[in-house]
Amino acid sequence: MKINYPYYVAQVDEADCGIASLAMILRNFGSIYPIAKLRDLARTTKQGTTALGLLKAAKHLGLDVIPIQADLSLFDDPEITYPLIAHVIKDDLLHYCVVFKADQDYIYVADPDPATKVQKMTRDEFGRLWSGVSLLFSPAKGYTPQKEPLAGLMTMFRQLTNYKKDISGIVIAALLITFISIVGSYYLQLIIDRFIPSKSINGLAILAGSLLVVYVFNSLFNYLRDVLLTRLDQKLTSQISLRYIHHVYRLPMRFFSTRKTGEITSRFNDINKIIDALSSTIISMFLDVGVMVIIGHVLFLYDRSLFLTTISTIPIYVIIIYAFNKRFAKLDQEQMESNAQLSSDIIEDLKGVETLKVLQLENIRYKNVEKQFADFLRKNLTYVKTKSFQDAIKMWIQYGLVTIILFQGAVLVIQGRLSIGILMAFNALLAFFISPLQNIINLQPKLQEAKVANNRLNEVL
């Protein structure tokens, strides 16, 4: 059975389990704080957060905290208030999680580890992990919920208003390209329905020459669109990257003592994912949607029944997006964390290479990197397999749609309700309708990556 916990917060880095647990407690009491602020208040180090650090941070934010050492009988006490933070040993490592409910048989746990998330455990299962240490929370007298704004992806999207000129140029170029595509399909219809039956070679030559000239402009518009997109991408990259670097330079020294160098530099990869999502979204919002509307209108004018068959696939694509949404969220989080940890350890080893040489730890550290690299490759392969599986389903739908359209159109031609030229033109334009539709569908994994990357970036900004 699926279990939900509305206040769930996933840890961003491996040392943030305690902070993420505290964030869940605060959300339960109506407060929202950035992870970066909680790390600072709890004096989180590269190794993690102590129970004392969590206690002090919670008290600073207006909560009363009672630390206890207990056994499983704790969950039989009717006066125990939930949620609480439990200290556990997971995979031989110290870890924190949130217990938000308990009954006679199960303990309901919100684990900050995004690979685990929310689960219910039998009392024996939980007892084998729990150290017995817990922190109980309640609002202090005069407690007032606080919500500090977090910069979401929408904040990034609002920055696009600064580039109206570039976006307008991209949109105009794309619309002109779409118009030329429609002209090309109409040319195909004229060849089959008019010029071949009338054997008008002169008319055919004039039309072909005109189309060649039009395609020169089509190539020019494609060139301009690509240049404008690249320029916009560079402007966004400069704005976000330089803002991040400027902010990092102004952070206090204690920030750097609690973060590995690799954790900080790995955020540059996160910026690239955000930029990729922003650029793709721009194309889809202003280009793909517009192209779909224009091409869809032309397809509707060609033949209503074929058009209805075409748009009947849209709900199927929506179902595919929904079915893979949470899976991509989990895989993105795991992949980014693994990559960040690998990069961080390599950088730290290189910085301390003299110590490694003196203590002869090269082989030990190499084995550690080898293990982490294998873990990253495994998670990356899982992501690629999932995305490829989704792509295979979408490709099958696309080919199936083309096959059905040709079958349905051929029947209409045989019945005399449609000309061969219109069927060929419809089929030619169909690709220009499906392509932007799939671009919109393909936004899902990119936006999912960008959402995770933005959350990671917020831990610094």
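Cβ from N, Cα, C; glycine included.
The structure displayed is predicted, hence computed values, not measured ones.
Per TrEMBL, domain 'Peptidase C39' is recorded for 11-137.
Annotated domain 'ABC transmembrane type-1' per TrEMBL: 169-449, in sequence order.
The feature transmembrane segment is assigned by TrEMBL to 167-188 (among others).
The transmembrane segment feature in TrEMBL is assigned to 200-221 (among others). The list of residues near the transmembrane segment (200-221) in space but at least 6 beyond its ends in sequence, with Cβ under 8 angstroms from a Cβ of it, reads 173-174, 176-177, 180, 183-184, 187, 190-191, 194.
The transmembrane segment annotation in TrEMBL covers 277-300 (among others).
Among the features that TrEMBL reports, transmembrane segment is placed at 306-324 (among others).
Panel annotation: around the transmembrane segment (396-414), residues 303, 305-306, 309-310, 313, 316-317, 420, 423, 426-427, 430, 434, 438 of the same chain, lying at least six beyond its termini, place a Cβ under 8 Å from a Cβ of the stretch. Residues annotated as transmembrane segment in TrEMBL: 396-414 (among others).
Annotated transmembrane segment per TrEMBL: 420-441 (among others), in sequence order.
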Other parts of the chain folded back onto the transmembrane segment (167-188), taken as Cβ under 8 Å at six or more residues beyond its ends:
160, 207, 211, 214-215, 217-218, 221-222, 224-225, 228-229, 232, 282-283, 286-287, 290-291, 294-295, 298, 421, 424-426, 428-429, 432
Can you count helix, strand and coil residues in the domain 'Peptidase C39' (11-137) using DSSP?
42 helix, 47 strand, 38 coil
On the 0 to 100 scale, where does the mean pLDDT of the domain 'Peptidase C39' (11-137) fall?
87
